[in-house]
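According to Swiss-Prot:
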TRANSMEM  21-41  transmembrane segment
TRANSMEM  45-65  transmembrane segment
TRANSMEM  83-103  transmembrane segment
TRANSMEM  142-162  transmembrane segment
TRANSMEM  193-213  transmembrane segment
TRANSMEM  217-237  transmembrane segment
TRANSMEM  299-319  transmembrane segment
TRANSMEM  331-351  transmembrane segment
TRANSMEM  358-378  transmembrane segment
Amino acid sequence: METQHSRFLQYITHGSLVKQILLGLAAGIILASLSTQAALAAGLLGTLFVGALKAVAPILVLMLVMASVANHQQGQKTNIRPILFLYLIGTFSAALIAVVLSVLFPSTLALNAQAADITPPSGIVEVLKGLLMSVVANPIHALLNANYIGILVWAVGLGLAFRHGSASTKNLISDASHAVTAIVRVVIRFAPLGIFGLVASTLAETGFGALWGYAHLLMVLIGGMLLVALVINPLIVYWKIRSNPYPLVLRCLRESGVTAFFTRSSAANIPVNMELCRKLNLNEDSYSVAIPLGATINMAGAAITITVLALAAVHTLGIEVDIATALLLSVVASICACGASGVAGGSLLLIPLACSMFGISNDIAMQVVAVGFIIGVLQDSAETALNSSTDVIFTAAVCQAEDAKLAEKERLNLL
């Protein structure tokens with residue numbers, strides 16, 4: 001009996017997390033179909049799990065980045081520039097794909113939904129201003145509000161200052177980052193329970209009946225995200241690593257995308273991505289900065305959402321769109337997507353900004369936003385899964401490419 005108990009504990013603490021998550025997913029679906037009340041009650045597990053991830057993510061980013069910068073050795077590469085370049089290329093490519101799909105399969109909307117009572121940003125300048133104001137945020141305020149741009153700036157600044165500190169100070173910071181990482185691993189082991197609760201409560205609260213009226217729009221949105229995840233991202237990774245990209249892409253989708261799909265929060269998924277980067281044996285100096293940065297500005301899914309819904313409004317109103325305007329929309333959607341994390345309501349509240357390019361009134365644009373909230377149970381989940389998994393994919397691609405270059409140099413030096 002004791003042996004069976006120890007085996008069960010061993011499976012819970014060291015078993016395959018992906019298999020456990022799939023079990024939690026299946027159990028959540030079964031519970032929601034059997035008892036709505038029990039499923040709603042199980043939602044507490046999901047709320048606690050997402051809350052725990054959101055609680056630990058800001059301090060994890062602060063400590064990891066600060067420790068990484070403070071202990072950085074002179075001449076050691078961090079690879080941030082090439083990773084940032086891939087983030088921007090990926091987001092713009094996603095916006096282009098969304099334009100192409102919207103032209104090939106135009107969606108129309110019944111614009112009679114009640115406008116959401118939220119004020120969207122008035123222009124790109126306001127979005128960029130919000131992003132820049134995040135940089136100069138009070139550090140305590142940044143930690144409390146999970147402002148990752150502000151946290152990154154303070155972490156890098158403190159890390160640079162601590163470079164001049166004593167060895168014991170640097171060791172203390174490094175030990176503190178390891179301690180926070182250990183807490184994160186414990187939280188992540190509760191993912192199966194969290195996803196069980198999230199799935200059960202979501203199905204019990206909404207079901208999927210409300211989504212059938214927007215089936216065509218959802219097919220274009222999710223089809224675009226799948227195309228980016230399974231075709232565009234692998235092409236970008238192949239261009240970088242010059243080998244089969246699918247083992248890396250599929251692993252990131254499985255281990256990062258699945259969790260992000262159910263938590264629906266890029267910030268909450270930062271600890272999951274950090275742990276995956278550690279498992280992939282990537283350079284900590286690179287991923288400790290690139291992952292939280294990606295959670296803020298790498299928004300391929302948001303670019304697709306903004307573009308598809310804006311063009312759905314355009315098609316509904318019978319407005320003609322030429323190639324030049326479509327390209328401009330891709331650029332605008334990419335810039336908006338990069339600022340989506342700094343806007344309450346995320347990508348949906350940036351749709352009026354894209355609609356304004358076509359002279360669409362704010363009243364109609366906010367009705368499009370209301371449609372976005374209706375389909376959000378799937379749209380937001382798929383968007384977050386694409387955004388978050390892409391952070392790891394591009395970070396890993398750059399790190400692996402740099403490792404391959406170093407190995408080649410060493411081989412040539414030995415000849």
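Here the Cβ of each residue, glycine as well, is placed from N, Cα and C on the backbone.
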What parts of the chain pack near the transmembrane segment (45-65), using Cβ distances under 8 Å and only residues at least 6 beyond its ends? 142-143, 146, 148, 151-152, 154-156, 159, 173, 176-177, 180-181, 183-184, 187, 190-191, 193-201, 262-263, 265, 267-272, 274, 284, 288-289, 292
With pairs fewer than 6 apart in sequence excluded, do the transmembrane segment (142-162) and the transmembrane segment (358-378) have three or more C-beta pairs that lie under 8 Å? no
Taking residues 6+ outside the transmembrane segment (299-319), which of them lie with a CB under 8 Å of any CB in it? 90-95, 97-99, 101-103, 106-109, 111, 217, 220-221, 224-225, 228, 329-330, 333-334, 336-338, 340-341, 346-348, 350-351, 354-355, 357-360, 364-365, 368, 371-372, 379, 382-387, 390
